[in-house]
Structures are given as structure tokens and as C-alpha cells.
Amino acid sequence: MAMGTHFGGLWLALLCMVSATMGAVPRKPVDVPFGRNYVPTWAFDHIKYFNGGSQIQLSLDKYTGTGFQSKGSYLFGHFSMQIKMVPGDSAGTVTAFYLSSQNSEHDEIDFEFLGNRTGQPYILQTNVFTGGKGDREQRIFLWFDPTKEYHSYSVLWNLFLIIFFVDDVPIRVFKNSKDLGVRFPFDQPMKIYSSLWNADDWATRGGLEKTDWSKAPFVASYRSFHVDGCEASVNAKFCDTQGKRWWDQKEFQDLDSFQYRRLRWVRSKYTIYNYCTDRKRYPVMPPECKRDRDI
């Protein structure tokens, strides 16, 4: 796995050198402290603060995990944070970063990092819920060890699409396919959440690998709590700007050719599960898959 990770990094670097100016990546995140945009939600004593709140650590033990959420709710924008995952034997643990509305027919945009035994790679699972319906899981390996250094995980969300980024590499696109009968998150403001919790009933090898509590506490580290979105906590209609925000501009309404090459690189080398190609689960391919170039 180490050799594959090394060559994966070299290939990505070559792509960047060849076409470094072509990709319309989101604006550079602004490094702000935790307390500017976020508050703890549970198990406050399992969150530690460093450097005036510019860095935090979440801790999981056999009694509880912990988590936090944004102060505001947002309708469209760019949201990111840098995370260093639980090192060592992290089997059974899940570190989650996601956006979600607060109702029964909720919308949700998920990053879930599934821990593994020492020496085995993390799995990144993404999912999109619209109108309370999810079941759009995709899983990838990463081309680096996410426990060694901080890496950026971000979401760009506008009226046209949702893009999941890992260090500015697009790993998934979910386009607005309302014309195909697929609901899209466009009118329910979402809060931003993150949590570290035990999910050993499903997270690692379908629940076969259980959390080894002798390795606790499990610690995930965070920094760079970037939020650049339309805060809709008071008036959602204010955010229906019809193209006036930077994230609505033409260059952010689709990936360009360079970004699609990077997405195909992730698809071909690191994807281990894609609901779009699961014919046992979906004998008829979901209508959004072809538009999202997930096949």
C-alpha cells in the first residue's frame, strides 16, 4: 500500500504541474479559530483546545465520543476543515464531517472516515441525502496516510452541483438533476457538523472488526475551520441570489476537463464501492449517475 500511495502522489503532482492553472478550484480557505463558527454539542470534556482555539482534538473512549456543530445554518457556499485522523488501530471508529438540515425529510452531505486495523488503510465514505433519501454511498481509499498530516476536506455547494474535495482534488460530484426526477438540496438550510464516535457494528469490514478499547482514547485533530456560505438561519430567501455569489459563477457550475481527469484518476485507482455500479442493489441505474459521470 505504501508503494501505491507513493506513486499516486507522484501522478497527482504531475497532473498539477501540467495543468495547474486550468482547474477552477474554490477560493482559498480562511484559517479561523474554532469558536468563530462552531460550538460543542455533546461530551464537552472530550474536546481539547490548543493555540487559542485554532486547533482542537476530539476524543473517543468506551464511554462516549464527542462532536460539534456550526452556529449558523447555510444555504450554499464553500465549507472546509483540515483533519488529522485517529492514528494506529482505529477499527470501529468513525470520524464524520457533514452538512445536514434539521427535519424528517432532511438533506445531508457526508464525509465519513472509517477506521481500520493498524497498517490497513482508512476508507472514506461519501453520501448525499435529498428529501430524507440517501443510499448513495461511494467509498474510496486515499492516496496518502490521513493520520500523518493534516489534509483539507471540503464541500462546494451551489444551485448546480455539490463537489466533494480532498486537498482540492474533486473526488465526487452530485449534480442538480431535478429535471430527471431526482431531488437536489436547494431550499433547506444546513448546519455543519463533525463528530468522532464508535460504530463498530458496521464501520470496519461490515462490523466484523470491533473497537479495541485498550487502545483508547482515540483522538482526531482539527484546524482551519473555514466557512464561506450564505447564512440562512434567519431568512432563507436572502440566499436565493440567482448567480450573485462567487460560488454561482460559471466556472463553478461544472468541473473543467482537468478536474474531470483528476476525478477519473480517483475513480480508476482508488474507488472501492460506487452505488451507481451496484447492479444487485440497483438493477436499474439511478438516473443521476450518468450525469454525474459516476460510471
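Placed from the backbone N, Cα and C atoms, the Cβ positions cover glycine too.
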Swiss-Prot xyloglucan site partner of E112, Q125, T126, N127, D135, R136, E137, D201, W202, G206, selected from R264, R267, R279, R281: R281
Swiss-Prot annotation, disulfide partner among C239, C276 for C289: C276
R281 (xyloglucan binding site) versus E112 (active site, proton donor) - Cα distance in angstrom: 21
Closest of N116, E137, W202, C230, C289 to E108 (active site, nucleophile), Cα positions, recorded positions only: E137
PLDDT averaged over every residue in the domain 'GH16' (24-222): 96
C230 (disulfide bond) versus recorded positions D110, W202, C289 - nearest by Cα: D110
Residue from N116, E137, C239 whose C-alpha is spatially nearest that of D110 (site 'Important for catalytic activity'), among the recorded positions: E137
